[in-house]
Amino acid sequence: MLAERFGGKYSLGLGILSTAIFTLLTPVAVEWGEATALIVLRILMGLGEGTTFPALNAMLAQWTPPEERSLIGSLVFAGAQLGTVFGTLISGLILHYYSWPVVFYVFGALGVLWFIIWVLTCYNNPYEHPFISEREVKYLHERMSEHTHKKPPSVPWRHMLKSVPLWALVAAQVGHDWGFFTMVTDLPTYMSNVLHYSIKSNGFYSSLPYLMMWFSSLLTSWLADWMITKGVMSCTNVRKLGTTIASLGPGAFIIAASYSKCDRTVVVIMFTVGMTLMGTFYPGMKVNGLDLSPNYSGTLMAMVNGIGAVTGIITPYIVSVLTPDETLSQWQLVFWIVFGVFIVTNLIFVLFASGEVQYWNDPEFVIRDRERRWRKTEGEAPKKSNKTAT
């Protein structure tokens, strides 16, 4: 809501700056307060990072024409995968040569540097940008003014929470996050304890699937925009197709990898192919919030991402409970659960999702609805007073 009211520039920038500062403070916190200080610091980092995707969505709503939404949105959101690639790879190299605090100092400093560049080069919308040409402003205005407003009315929560396509998107996000968080948090553990990769090799092989996922997201996003623009498929069906491939594909290959015993080459290939297919989540459900409501895309993303992020708490706990001995059979059960979650959440999305702008995105509708309810409330008040007097 802050990003929609005040713009995404500082909502995103200050959130990431706070995360960078807390990252720099992590070694100090561990030395000073041990586990308790670290937990507090991680909670604060989570609050800072919570602004990321909602603010990005608010920015994309102001800068991205509908016919370019899949590619540009995926390019932005998939930057997280590129960060995972380099973060995992560089962390492995740093840990091989230096002590663990250096990891936090390096990435914290990079976050501060990013904030400086962001503040100097980013603007909330085309109308605020001092160097954009009139032709570019006109181009964006003509393609986006119908459904996108700089400052829409307050969020129509009542209608938003009754929106079936929104809850279908929530289901898809839960499925994606369940599989993704399992991979991010537990794939390095699986590589180390089951496949017995070294820290240095683990960093490389754990990052490879995310690199391929990034390439896949860009290629399939371009294809998605092309299919929508040329009328090959509707926006709704493109979103459903991308989400289905990104659910069933990774689930199947993760299962196959777990039954490849300890053939490390085959396992790495299977995981990599599975995560490559997960890249179609970006032209699938990841940009779907912009389809449903450009005006309230930041709030919508905060809600969807917030519910999905709960799986980041649940999945590590489930993995720790199910893999006490770190055996292959225990990990197979973990991956079967991931596959099951993928199937159920994807089915919900396929049945109920939409790629069309929802009626509650219209500011005029929101204002009329609010006035109607206000008049209704005002009309009921005298009736109650008359009954009391009688």
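Note that Cβ sites are derived from N, Cα and C of the backbone, with glycine treated the same way.
It is 241-259, from the ranges 184-202, 241-259, that TrEMBL records as transmembrane segment.
If you count C-beta pairs under 8 angstroms between the transmembrane segment (296-319) and each of 12-30, 36-60, 241-259, 265-284, 331-353, the highest count goes to 36-60. Only sequence-distant pairs (6 or more apart) were considered; of these, fewer than three Cβ pairs between the transmembrane segment (265-284) and the transmembrane segment (36-60) are under 8 A, so the stretches are not in contact. Per-residue pLDDT, averaged along the domain 'Major facilitator superfamily (MFS) profile' (1-358), amounts to 84 for this model.
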